[in-house]
Amino acid sequence: MAILRLENGTTYTQLADISLELAKLNVTLNYWPIENEATRQLLKEASLTDEEKEIVLTSLDGYFEQLKQEAGYQARDLIVLHPDIANLDTLLAKFERCHTHADDEVRYIIDGEGVFGFVFPDGSQGELTIQPQEYINVPAHSEHWFHLTASKRVKAVRYFTTTAGWVPEYTETVIRFPSLTAV
């Protein structure tokens, strides 16, 4: 389950407590189970072919259909990151600085884990480690950053209303939060 660590040393591990803190940012965190056994088996692989990615996406389309109906999402893809990817650190570097997006950043972590950092309205900071079967929606214009945990492994479904709004717009905010994971 998700873990929220605040700059003041407070740690939350219960979804209700985490959701209460994230509500200050209008960030949504949900638990979406993966019930298809074949999908769970595929997700054990370190990397996936394009065909395997499509099988996984199709098996999870119930969630995509829900997002299409409720919020107008138009597209989704599956990103698979692991240590054997060439230039992984370079790829991730553009998200490890404080930034915003013109569109919501919506992720459904289906394997591995990632860390979203946030700047709260009072200027304090925190980091949320999200794990398999957790869905997060970071609203447009929310100041945040992202990095992988020390395992450097994640499989995440990305949902888009448009890909045009998903370019990072960097801010000058210095990340003060002492990350507990190696980047």
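For all residues, glycine too, the Cβ spot is worked out from N, Cα and C.
Residues HIS99, HIS101, GLU105 are recorded by Swiss-Prot as Ni(2+) binders, and the candidate that the same record lists for that site, out of HIS82, HIS144, is HIS144. When the alpha carbons of ARG107 (site 'Important to generate the dianion') and HIS101 (Fe(2+) binding site) are compared, the span between them is 14 angstrom. Excluding HIS99, HIS101, GLU105, HIS144, which define the Fe(2+) site, the same chain contributes PHE95, THR100, VAL138, SER142, GLU143, TRP145, PHE146, PRO168 within 8 Å (Cβ to the Cβ centroid), listed in sequence order.
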